[in-house]
Amino acid sequence: MKLIRTENYAEMSVEAGKIIVDKIRSNPSLTLGLATGSTPKGVYNYLIQDHKADGTSYQQMKSVNLDEYIGLKAQDTNSYHYFMRQNLFNHIDINENQTHIPNGAADDLEQECVRYEQLIKELGGVDLQLLGIGQNGHIGFNEPGTPFSSRTHIVTLAENTRIANSRFFNSLEEVPTHAITMGIASILESKEILLLVSGEKKSEALLKFMNGDISEEFPASALKHHQNVTVIADRDALKYI
Ligand code: GLP
């Protein structure tokens, strides 16, 4: 595992952005695994600025997102569909049919999980997966206790995850209780993984990740089984390391 230490959020975002742009330029038809949350916003901003200034093109690439809330339609401002459009897709040369996000409003959610897993296979797997980490060590929405063998599945969100994410909603009650997420085994099949960690709130999670045991009680620890993981963290997140 490689660790890149950065001073702050902005520097972390630039480091990750440069790695992604390099990959896209050397392999324009790659499949990029994307994440939501506050952490990757700066990276997406870097990609947008680079697209405008240097013309990196996204016309041939495909994207798959990690997860989506259940019960929110794509138009809902709190859906991850909306997040991705607002924070990236609307600002680069990519068509909606190149982008994939689990459908949390599907009639048959079990079938949606099967479809999504199949889709990733048909795309030839994920070349580069961008990841954030929850304070409890979750990746995607794989909460503590999720089997490392899990594929795309429906999850009940942990209370602390709902509380952490309630900052985007009007109230805690509005935060969905369930989500669809790529499983840990699905994530580990990505050829390369970039894990971004920023801020003091993540410092304990990062400490556990770097120094703790590999355990299903701490989902991110599964990444230690992967051969090609780069962690890009800022000084606040690296407080204990
Ligand atoms: C969310 C997302 C994750 C994300 C994590 C951290 O619940 N499902 O993919 O990595 O929580 O979010 P943030 O970057 O906002 O701290």
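Each residue's number is its place along the chain shown, starting with 1.
Glycine is treated like the rest: Cβ placed from N, Cα and C.
Quick look at what TrEMBL lists:
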type: ACT_SITE; residues: Asp67; note: active site, proton acceptor
type: ACT_SITE; residues: Asn136; note: active site, for ring-opening step
type: ACT_SITE; residues: His138; note: active site, proton acceptor
type: ACT_SITE; residues: Glu143; note: active site, for ring-opening step
type: DOMAIN; residues: 18-230; note: domain 'Glucosamine/galactosamine-6-phosphate isomerase'
Secondary structure at His138 (active site, proton acceptor), reduced by DSSP to three states: coil
His138 (active site, proton acceptor) to Asp67 (active site, proton acceptor) - Cα separation in whole Å: 12
Whole-number answer please: how many Å between the C-alpha atoms of Asp67 (active site, proton acceptor) and Asn136 (active site, for ring-opening step)? 17
Among Asp67, Glu143, all listed as active-site residues, which has the most CB atoms within 10 Å of its CB? Asp67
Among the active-site residues listed here, Asn136, His138, which has the most company in the form of other Cβ atoms within 10 Å of its Cβ? His138
May I ask which of the active-site residues Asp67, Asn136, Glu143 have a CB within less than 6 Å of any atom of ligand 1, listed in sequence order? Asp67
Could you give the Cα-Cα distance between Asn136 (active site, for ring-opening step) and Glu143 (active site, for ring-opening step), in whole Å? 8
Taken over the domain 'Glucosamine/galactosamine-6-phosphate isomerase' (18-230), the predicted model's pLDDT averages 97
